[in-house]
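Trainee: Pulled from Swiss-Prot, these are the listed features:
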type	residues	note
DOMAIN	30-110	domain '2Fe-2S ferredoxin-type'
BINDING	Cys73, Cys78, Cys81, Cys93	[2Fe-2S] cluster binding site
DOMAIN	153-183	domain '4Fe-4S ferredoxin-type'
BINDING	Cys163, Cys166, Cys169, Cys230	[4Fe-4S] cluster binding site
BINDING	Cys173, Cys220, Cys226	[3Fe-4S] cluster binding site
BINDING	Trp178	ubiquinone binding site
Amino acid sequence: MIIKNLNQKIITIDNSSPYQKFIRIYRWNPNLNLNPWFSIFPISTNNCGPMILDALIQIKNIQDSSLTFRRSCREGICGSCSMNIDGTNSLACLRSLNTKSNFITIYPLPHTYIIKDLVPDLSNFYAQYKLIKPWLINKIGFSLKENLQSKIDRLELDGLYECILCACCSASCPSYWWNQDKYLGPAILLQAYRWIVDSRDNSTENRLNFLNNKMRLFRCHTIMNCSKTCPKSLNPGKAIASIKYRIINN
């Protein structure tokens, strides 16, 4: 099979090779007066790293330097390389090239404004993160001694503090797609719950009062796409349900 890219380069596709992959990438450049298009790049898994991010880096270094995407740690820690890979929001550094299909299709995170190619505009996402005041609030004031937690109190934070704000869950949530100007979304609400349950924080009531809103919190309809797609295997849906429970029973 022969495919011609936007730049008129001809790519011959050999589906018979188990080591040959073809990366189909969504492209858009605000400086070009063109509709979005797809570029297809051949990759040999014999001379490429094992992850999707390795393939993207090789494509940018060797085949098309104009390809634009975010990346940093390459270890699933920073959350920079979040994108939609074969229909699932994930981190490119954690998704293997070893798939059953020879074709891998990559989009930017869905329902986000696109800066270029695979780079979403997360300005609104981080502005919402700021709204929840993601830091310890101690009305009494801090002493010169450590602010200790018991082991039981510390365990309450497990499954919450590991969130890396990659936005995979929020970008998979239909409620967030439709209402991201008002609904905080699963990632931000999970982060909010992380501070609500922290025994060292003295502003739990204020945090719950802020979230007690039909749009900020209760726009969640428990679709649970968030928990299904989280690359860190966290459960934002459970965190949101816990916030609702605390508000209703407060």
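Cβ from N, Cα, C; glycine included.
Tell me about the surroundings of these features in the structure.
Mentor: Mapped onto DSSP helix, strand and coil, the domain '2Fe-2S ferredoxin-type' (30-110) counts 15 helix, 23 strand, 43 coil.
For Cys81 ([2Fe-2S] cluster binding site), the count of additional Cβ atoms within 10 Å of its Cβ stands at 27 [all protein chains shown].
For the domain '4Fe-4S ferredoxin-type' (153-183), the model's pLDDT averages out at 97.
In sequence order, Ala187, Leu190, Gln191, Arg194, Lys232, Leu234 are the residues of the chain that are 6 or more apart from Cys163 ([4Fe-4S] cluster binding site) and have a CB within less than 8 Å of its CB.
Summarising the environment of Cys173 ([3Fe-4S] cluster binding site), the number of other Cβ atoms within 10 Å of its Cβ, over all protein chains shown, is 27.
The Cβ neighbour count for Trp178 (ubiquinone binding site), using a 10 Å radius over every protein chain in view, is 12. The DSSP secondary structure for Trp178 (ubiquinone binding site) is helix.
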Trainee: For the domain '4Fe-4S ferredoxin-type' (153-183), could you work out the same-chain residues 6 or more beyond its ends whose Cβ comes under 8 Å from its Cβ atoms?
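Mentor: Result: 76-80, 82, 84, 89-91, 109-112, 120, 122, 124-126, 129, 190-191, 193-194, 197-199, 215-216, 219-221, 223, 225-232, 234-236, 238-239.
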Trainee: Cβ within 8 angstroms of the Cβ centroid of Cys163, Cys166, Cys169, Cys230: which residues besides those meet this for the [4Fe-4S] cluster site?
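Mentor: Here the non-site neighbours turn out to be Gly79, Ile164, Leu165, Ala167, Cys168, Ser170, Pro186, Ala187, Leu190, Cys226, Thr229, Pro231, Lys232, Leu234, Pro236.
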Trainee: Around the recorded [3Fe-4S] cluster site, report the further residues of that chain (criterion: Cβ within 8 Å of the mean position of the Cβ atoms of Cys173, Cys220, Cys226; site residues excluded), sequence-ordered.
Mentor: Cys169, Ser170, Ser172, Ser175, Tyr176, Gly185, Pro186, Leu189, His221, Ile223, Met224, Asn225, Pro236, Gly237, Ile240
Trainee: Restricting to the same chain and to sequence separations of six or more, state which residues have a Cβ under 8 Å from that of Cys169 ([4Fe-4S] cluster binding site).
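Mentor: The list for Cys169 ([4Fe-4S] cluster binding site) reads Asn89, Gly185, Pro186, Ala187, Leu190, Asn225, Cys226, Ser227, Thr229, Cys230, Pro236, given in order along the sequence.
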Trainee: Measuring Cα to Cα, how many angstrom lie between Trp178 (ubiquinone binding site) and Cys220 ([3Fe-4S] cluster binding site)?
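Mentor: One finds 11 Å between the Cα atoms of these residues.
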Trainee: What other residues of this chain sit with their CB within 8 A of the center of the CB atoms of Cys73, Cys78, Cys81, Cys93, the recorded [2Fe-2S] cluster site?
Mentor: Leu53, Arg71, Ser72, Arg74, Glu75, Gly76, Ile77, Gly79, Ser80, Leu91, Ala92
